[in-house]
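Per Swiss-Prot, the features are:
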| type | residues | note |
| --- | --- | --- |
| ACT_SITE | Asp263 | active site |
| BINDING | Asn194, Leu195, Ser196, Glu197 | ATP binding site |
| REGION | 1-318 | region 'Ribokinase' |
| REGION | 343-477 | region 'Cytidylyltransferase' |
Amino acid sequence: MKLSMPRFDQAPVLVVGDVMLDRYWHGGTSRISPEAPVPVVKVEQIEDRPGGAANVALNIAALGAPASLVGVTGDDEAADSLANSLQGAGVRALFQRIKHQPTIVKLRVMSRHQQLLRIDFEEPFATDALALAAEVDALLDGIKVLVLSDYGKGALRNHQVLIAAARARGIPVLADPKGKDFSIYRGASLITPNLSEFETIVGGCADEHELVSKGAQLMHDLELGALLVTRGEHGMTLLRPDHPAMHLPARAREVFDVTGAGDTVISTLAAAIAAGEELPHAVGLANLAAGIVVGKLGTAAISAPELRRAIQREEGSERGVLSLDQLLLAIDDARAHNEKIVFTNGCFDILHAGHVTYLEQARAQGDRLIVAINDDASVSRLKGPGRPINSVDRRMAVLAGLGAVDWVISFPEGTPENLLSQVRPDVLVKGGDYSIDQVVGADIVGAYGGTVKVLGLVENSSTTAIVEKIRKTDKAE
């Protein structure tokens, strides 16, 4: 399945559910307490992160999608911290604040990137999110997906009211379920239990065949549009009525912390579906996103550039020969990491030592080097009959194998102005005895503040000379 980056900026999502604050106390541990056989942690940093439904909304916003959140909190410092964090991330948050009851806080004591202790401050709320029914109703009119983020803490008590309101508007409903009664999610478009939550409802599954069979029955009984079971190191399984099961392997390279991984899955699904992606594609993106987030410590969100980079790895486009769409994504990601983009172009028909030296010098002008080459038809127009000696595919393959070259792309025109206008490199490099104003594309690059550099060529290194030498040798023989 080929993955691509959705237009998340056109994908508004509403999250309703259990809001909580994940608080971290970071410190050093060098001794055991004289009072009891426990480590002493000297707290050096206190960090607050949105958790639960707030983390789902944060993940959606981090992908670039408009995110709204409705939940229940106390009227306290923790709620203020949540509100400030969410506002800073661009999330529109509406809280029903309950006096004389604390906001749910999960406090984790950390030392040397290890969790030593977790302390929960919580009381189930008697008031649910529908205390803000008018606000929820108004928000539903401007969204494309509704997410129910259920942690069983009391903010979600009237699931069916929310599901019915969304379905009446044609809005898909995604639910991250909790508890022993999944009937409260009847009619949802998709639910995303982990394997343990799933088996709590349907019983143990000895193998994938049994998982698929029991999942199909659950979908039928609850009138679900689809079911996604997340299975940790075994990946995830998507079930849909009248479709074969879709099993996706886990994508994590390293696992540091699974905290919030389920939030990342449902948030990526929601944003992708809101952007118009088909469910299998959205699940593929969610699987990649989960692989990223478990490589981070604590409750974390993934950014759009991180997801783009994962897609590029998946499609083999982190380096090498790229299409224009792939190249533009790669450039966006590189710029998100403050990398300088260098561009050069040519025919590169027979690669020789002069080319290699020149490309190494070009690469030294920045962090990433794009080499754009004329396709076969344009080389023939420029160089005459019998050229190119090597086809465009072979020329690109050889260039892509050089350590100095990051990305290779071809263009059909005689000169690369059209490509330069789209790529907008930071530095345009040309080899030869030119003045800067003679370099093709210098005006384009200069207009947006880019730099043009002319590098000298290695003497006695010329493709034309090599071709002529070969021809003379052939005639002599």
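A Cβ is built for glycine as well, from the same backbone N, Cα and C atoms used for every other residue.
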As a whole number of Å, the Cα atom of the residue listed as 'active site' is distant from the Cα atom of Ser196 (ATP binding site) by 16
Most Cβ neighbours within 10 Å, among the binding-site residues Asn194, Ser196, goes to Asn194
Comparing local Cβ density (other Cβ atoms within 10 Å) for the recorded positions Glu197, Asp263 points to Asp263
Per DSSP (three-state), Asn194 (ATP binding site) is strand
Looking only at the region 'Cytidylyltransferase' (343-477), mean pLDDT returns 86
What DSSP reports for the region 'Cytidylyltransferase' (343-477) is 58 helix, 26 strand, 51 coil
Per DSSP (three-state), Asp263 (active site) is helix
